[in-house]
Amino acid sequence: MRMRAAVAALLLGGAVALPVPAPAHAETVREQQWWLGALGVAKAQQVAKGDGVVVAVLDTGVDGTQPDLAGALLAGTGTNGVASEKGWDDPDGHGTQMATVLAGRGGDGPNRVLGIAPRASILPVAIPIGKRTAAGAATSGTLAEPIRYAADHGAKIINMSFTLADDALKQPELDAIGYARAKGAIVVAAGGNRPQGDDHVPLPGRYPGVVTVAGTTRAGGLWDGSIADPTVDIAAPAEDIIGAAPKARYSSGFAVGSGTSGAAAIVSGVLALIWSKYPRLDAANVLHRLLATARDKGTAGRDDAFGHGLVDPYAALTATVPPVTADPLGPVTTATAAPQPAPPTAAAARPPARKGTPAVRAALVGGGSLLLALLLIFGVARPLLRSPRRR
C-alpha cells in the first residue's frame, strides 16, 4: 500500500522515509533494488567499485551505526549550527537512505543494501533541514559552509539530494560551488519533484556548475514527478528507491520512496565508479565520460526531460571517450547573483537559469503556493522522495 506523504514530511530537500504501512510482498531488499539490474550495476562493479573516492553527502546526517555503511563513513561534521558529532547521527533517516543507495556495502544475505559504489567513502555533512531546522537558521548562503567543508576535506563528489524552498540565487553559494569546482570536485543535485510544487528545477540544481539529475521509472521512461528543464544534465532511476534507515525512526531499518533524491545519489555513485577506474582524470573528463555514455532517451540528443540521457554505469567505465579540455558545465566561475526582481505576475513565464555560461540570471521569485509557504516555515530544504514507505 502506498500513501501520499504529508507536506510536513517533505521538508528535508531530498529523499526521506516516512512511517507508513509496509506493502504486502515477499521481496527481499536486494530484489527491491530493481535499478541494479536495470542499469547493469553488477557488470559495472566487476570493473570498479569506488575505491579511493570520497563522496560528501550533504543531508540530515548519516547513522553511524548502520551496518550497510560499516567501514564507509569518514568523520564529518554538522554545519550552520547543527550539533552533530562527525555527522554520524540522523534524526530523519534521509541522509542514511541516500548514503546507502550511493555506497551501501551490501554485506551478507539478500536484506542488505548494495550501493552503486560499495567501496567509496562517505563524508557526512549535516545541514539544517528537516528535523534539524531548529538547530540552524535557514538563511541566505546556508549551503556555502557545507560545500566548502566538503571541498576542503577531500570530497571528489558532493551530493545534494534536496531542494531549497527559497528560489533566489545566493552569492555565497555561487562562490562555494565555484570554490569546490576549482578544487576539482563535482557537485551533484536532485532536479526537484512536481508533487512538491516544483514547476521548474529549483535550487541548488539551478546553480551554474551543478550536475542536475532528473528521474526515470522502472521502464526507463520519465518519472511522472520529474521536471523537464534546460538545466537538466542527466537522468537516473527515481521510482521506488529503497535504502537503509535508522531503526530508531523506522523499525524495519529500511525505507522506500520515489523522487529525484535517489536519482542524484545513483549518479553520484556512478561518478565514484568512474573516478576509481580512472583516478588520474580531472573533474571535467570524469563528468564528460558520465554524460557522453548516457543512453539517449526522449528526443534524439540532449533534451530538457532526460538531459544527455539515462546514466549507464558500465558504458561510463568501458567506452572509448575522447578527452576534453573544457568542462561540460562551462568554466569554473563565481558569477555574480543579480539583484532580485519584483515578483512576476501569475501569468509571467519563468525564464530558465542557464548553466554552463559565466552569466547567471536573476533568481525567479513569485508564484508562491501554500506548499512553498509551509516549506519556508519549516526550513530551507525539502526531501525529494515522494510517497515513501516503510518496508
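Each Cβ is built from the backbone N, Cα and C atoms, and glycine gets one as well.
Marked as active site, charge relay system by TrEMBL: Asp59 (among others). Just so you know, the Cβ of Asp59 (active site, charge relay system) picks up 37 other Cβ atoms within 10 Å once every protein chain is counted.
Counting Cβ atoms from all protein chains shown, His94 (active site, charge relay system) has 37 others lying within 10 Å of its own Cβ. What TrEMBL lists as active site, charge relay system is His94 (among others).
According to TrEMBL, the active site, charge relay system annotation covers Ser261 (among others). According to its DSSP assignment, Ser261 (active site, charge relay system) is helical.
The domain 'Peptidase S8/S53' annotation in TrEMBL covers 50-309.
The annotation region 'Disordered' is assigned in TrEMBL to 328-354.
Marked as signal peptide by TrEMBL: 1-26.
The transmembrane segment annotation in TrEMBL covers 362-385.
Distance between Cα atoms for Asp59 (active site, charge relay system) and His94 (active site, charge relay system): 7 Å, as a whole number. Between His94 (active site, charge relay system) and Ser261 (active site, charge relay system), the C-alpha separation comes to 9 Å. All protein chains considered, the CB of Ser261 (active site, charge relay system) has 39 other CB atoms within 10 Å.
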